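**Q** A single structure is presented below for examination.
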Ligand code: 13P
Ligand code: SF4
């Protein structure tokens, strides 16, 4: 039992869903959830989305409290964009391996070693690294934002070398890549994926660009979580292999009950190793306590927040801009 949070016996007998509903109204709170959250959290959220959608919602909301069911960098982003709101994250240990792979002092030194480069940085990073960046991107906006820089502009891309490598291959633009990875998407096995494809001939593979190239090479579609959901709604056929965190399949099964969605396997032949251990820290119990106590709360020093906000504002404006080539939308690999 977590005595500090009052989680355990003291919550026994509570109807958590009803209590969360009551507190949501009393607190004028909005519950935002990422697609990688447990189904019971996705189902009671006011809004479920990808990183870009969630940032937009956080920037726009008129709620007094944002209960962020996702990971720390997402809740930090909400606070950076909506400083007057109370932002709570059910479990403050909900981090991200990409954020951990990019310590701000090392990133700063890397930038200083390449003064003629701008830093185009994946949103999966700390507030300090955002403050050291020129523009933030998400997986659904990266290519569109990249296309708005002239070809001669030198670029550092961090911290995800897989997303960066995918963008380099897709656009033909050289970028200096920071060597970070997502432990979840790194865990997919090419050998097991090929076995699964052989068992389901003709079933397409939809993959998140955080996967390494050996997995993306077998994908029929590559895109963000929202892009993968759009592809799932559209693809011809009845079975789709999904190479991203498996909790996203909950949304597919809800909206497309007649289709079959299979999580891509890890080296052990199943997809359990691809559950994000950070996202999984959030539970209904912790969400209830966060709404009840308005803790744990995100706080960011104002100078740091304002520096980080510049690169996020650049992302929000460039992601919505009308560019010459139109809104690229989800990135499609085959047929290019
Ligand atoms: P999306 O922006 O595609 O939702 O990705 C977030 C993430 O953390 C993927 O691992
Ligand atoms: Fe970070 Fe990977 Fe988890 Fe996304 S899935 S939050 S990138 S560790």
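Quick reminder: no glycine exception, Cβ is built from N, Cα and C everywhere.
TrEMBL labels come from automatic prediction, so no person has curated them.
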**Q** May I ask you to find which of 51, 147, 189 TrEMBL records for the iminosuccinate site already listed with 34, 122, 123, 124, 139, 208, 209, 210, 225?
**A** 51
**Q** Looking only at 34, 51, 122, 123, 124, 139, 208, 209, 210, 225, the residues listed as binding iminosuccinate, what is the longest Cα to Cα distance in Å?
**A** 17
**Q** Sort the binding-site residues 34, 122, 124, 210 by C-alpha distance from residue 96 ([4Fe-4S] cluster binding site) and give me just the closest.
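**A** It is 124, whose Cα lies nearest.
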**Q** Determine which residues of this chain, when 96, 182, 276 are set aside, have a Cβ within 8 Å of the centroid of the [4Fe-4S] cluster site's Cβ atoms, and list them as they appear in the sequence.
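**A** Going along the sequence, the neighbours appear as 71, 97, 98, 124, 183, 184, 185, 210, 245, 278, 279.
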**Q** Quick one: pull the CA-CA distance for residue 210 (iminosuccinate binding site) versus residue 182 ([4Fe-4S] cluster binding site), whole Å only.
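**A** Rounded to a whole number, the Cα-Cα distance is 7 Å.
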**Q** Can you go through the binding-site residues 34, 96, 124, 182 and pick out those with a C-beta less than 6 angstroms from ligand 2?
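**A** Cβ under 6 Å from ligand 2: 96, 124, 182.
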**Q** In whole Å, note down how far the CA of residue 34 (iminosuccinate binding site) lies from the CA of residue 276 ([4Fe-4S] cluster binding site).
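**A** That comes out at 12 Å between the alpha carbons.
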**Q** Please state whether DSSP places residue 122 (iminosuccinate binding site) in a helix, a strand or coil.
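**A** Going by the DSSP assignment, residue 122 (iminosuccinate binding site) falls within a strand, counted as strand.
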